[in-house]
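One structure is given here, and the rest of the page talks about it.
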Amino acid sequence: MTLTRRQFLGAAAGTAALAGLSACSDVHSGGGGAASSTDLPSVSQSAAGSGSAGSTASAGAKASPTAKLSGTVSFAFWGGSTGETAGFTYAKKKFEAANPGTTIEFQVSPYDGFFSGIDRGIQTGKAPDTFRVDYTTIAKYSSRGLLLDMSPYFTTAETQAFLPALWDAVKSNGVPYGVPHQTDTTCIVYDTKAFETAGITSVPDRLEDAWTWEEFADVAAKLRKTLPAAKFPFAYDWTKAGAFRWLSWLYQAGGTLLTPDLKKAAIPSDAATKALDFTKSFFTNKWVPSTGTIKTSQYSDNFFLSQTVPMSFVGDFLVPEIADPKAGYKGDWAATFMPRDKAAAADLGGNAIVARKDSSNPDLAAAWLKFLVQEDAMRYFCEQAIELPTLQSLASAELKYAFRPDVVSVCAKQATTISDTIVKESTVPAFSSINTVLGDQLELAFHDQSTEQTLAALAAAVDKALTS
Amino acid sequence: MPAAAGLAAAPAPRRRARRSIGDALTAGGFLLPNLVLSGVFLVLPLILTVVISFQKLDSLGPAQWLGVNNFLDLFRDPTFYETLWNTVVFTVCTVPLGMAVGLGIALLLNTVMPLRTLWRAVIFVPLVLSSVSVGLLGAWMFDQYNGFVNKFLAVLGIDGPDWQSNGTWAMVSVILMTLWQRIGLDMIIYLAGLQGVDPAVLEAAEVDGASSWRRFRSIVFPLLGPSTFFLLIMNLLFSFQVFDTVYAMTAGGPNFSTTTLVVYAYQQGFSDHGPGQLGYAAAIGVVIFAVSLLLTAGQWRLSTTRDEVG
């Protein structure tokens, strides 16, 4: 074979470039399915770094500011809910009236792409001073040291006013990087007539009496018998980014996703096997629509509203949609609690409000956050948006919800089953990556991948996500 | 009179040179906006994508140089091969079929046919819809429990397939919706090509006794070469880069059965609730670019009729 000068030079340049590139690094992105045991830095290291940096301020030192507040801070949240917008607008007016010379500037954008926008803003130095963030995403920002340490702005007594699990949800290494604004969780809604038809006469109305898994299976089996082939007993809210809600079954079975130090996967385990086998049986028994998996364009409330299922697991924030007189559910419906096995458990839903560490007006930003979680503002917001409060005083109070307070009351009681373990595991910095692999593997499991293979793949992927 | 002739001829080259500079400035003026736009919105992002594909980078930065590790991980990632296969299947099914149906409809509408303007508009309209709308519409139509398609099949006594929970049928549904949207483009380009075919040539062939099929095979189709070349390139690129219709319709499921390369790149890099690995997503993007480039270059070399008509 003859080699021309051009071919030789091209090959030599290509080889040199490849060798140079490959010699540059042994670090990996952590994307896709390839393993990356040498990834740095670890989650715990980066979190510890930011935590120690943020914990230097003394607790409560600025809890009662003496200097007059002035200026403008921006506040970003996602739009779409009339109730939420009304709640934030109410707080803004009250805050500006109580602090003349201050302005809260709203920045409203759609939920899809909201965090990409925040991230771009942080990269370009144009991020809002304060923004809304869900509990499962907050660690992404706090672990990078981007958020304002709120401990100087709250006295110990003020922090104790929150439900402990939700105050913990905004903390990283003991430092609060935001305020828990509201929570939501999953409960069951059902068609009362369909239950009567199936002979289901007893539905739990107390959390302590929630169905066991066996009782829930009986209910599903009874409904299955009375429904035509194209209708199904229930749907579950694990669609797309809701994949993490599968973990409620794991926690109910007495298992955990991570080890107590949050550094490794705690699966495979007997509890994980039991939870996965049980949830896979939903499909084999035709208790849920075969399209009601993770990667689908239909959510559990869509199945309920289209009357494909007479029972559905839904978040309380969907109550306004289901109760809507025009487009809502056509028929009588009520709510009950999620089933329990060794324990009762529910997913950590809801959102915190955080402020940027490098905000030009951190004291005003902190004051706005603090105002949002005062009793009056939180009560109004929750009543309008049909969401659950995070203050203990409101959690035990009767709120005047605009829609179906009886249903919201069930969800509020269900929210008390969000344990410390659930909060800790749901707020690790790698949770978004874990949620993605959870969705991928559950989707495969619900389409015949074995339980053993699923849990092994899940454990490897979770370990990889935690070290990336 | 050589000196006098030289004096008289002297201004001509200067005028030509001035005109030449003026032409160049005018051409530059026309070219500049396009060059700037192409540079800013095409070339620069392309270069940045290649650079990012060699980095570990998430949405909050900073970047860390990885060398070729993203590509090594990609070539070891079984999901990447599954999504590459899905993209190839989608492309192979949508491109020839769409062009064949588009050509058939164009031939039909090129004849004297009642209401042909109306039919032309009806077939073209889906093309102006956004692909996300088409995807959402597809999700409703192919809803296997409450969708129009299965309800219609039930009226005919046919038990409709599992459009959403069966991977093969899910891919079929996505292909059908894509064809529905894209056939309008194929039809309109072929129709324009057909109207450029000289009727005298066809009449001459008819007089010589050529059958309809023979006239189409030996005269019409070869003369449509430039249209076919254009459509082939455009359809290959559209199909290889499909995202919005698929994502809105199936979210890439069930399993990974409708996850195409671009959907996978989106999930890896841009989904708000995904791993946010922009470097890895960029590596997928570079692979898509390389494959698209190879397909186009191959077709360019193989096509013999591309330059005949604009």
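Backbone N, Cα and C define each Cβ position, glycine as well.
In TrEMBL, annotation is done automatically, which means it is predicted and not curated.
Here is what TrEMBL records for this protein:
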type	residues	note
DOMAIN	B:84-299	domain 'ABC transmembrane type-1'
TRANSMEM	B:24-52	transmembrane segment
TRANSMEM	B:84-109	transmembrane segment
TRANSMEM	B:121-143	transmembrane segment
TRANSMEM	B:163-180	transmembrane segment
TRANSMEM	B:219-240	transmembrane segment
TRANSMEM	B:278-300	transmembrane segment
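Between the transmembrane segment (B:219-240) and the transmembrane segment (B:121-143), fewer than three CB pairs separated by 6 or more residues in sequence fall under 8 Å, so the two stretches do not touch.
Pairs of Cβ atoms less than 8 Å apart link the transmembrane segment (B:24-52) most often to B:278-300, out of B:84-109, B:121-143, B:163-180, B:278-300.
Within its own chain, the transmembrane segment (B:163-180) has Cβ neighbours under 8 Å at 86, 89-90, 93-94, 97-98, 101, 126, 134-135, 137-138, 141-144, 147, 149-150, 239, 242, 245-246, 249-250, 253-255, 257-258, counting only residues six or more beyond its boundaries.
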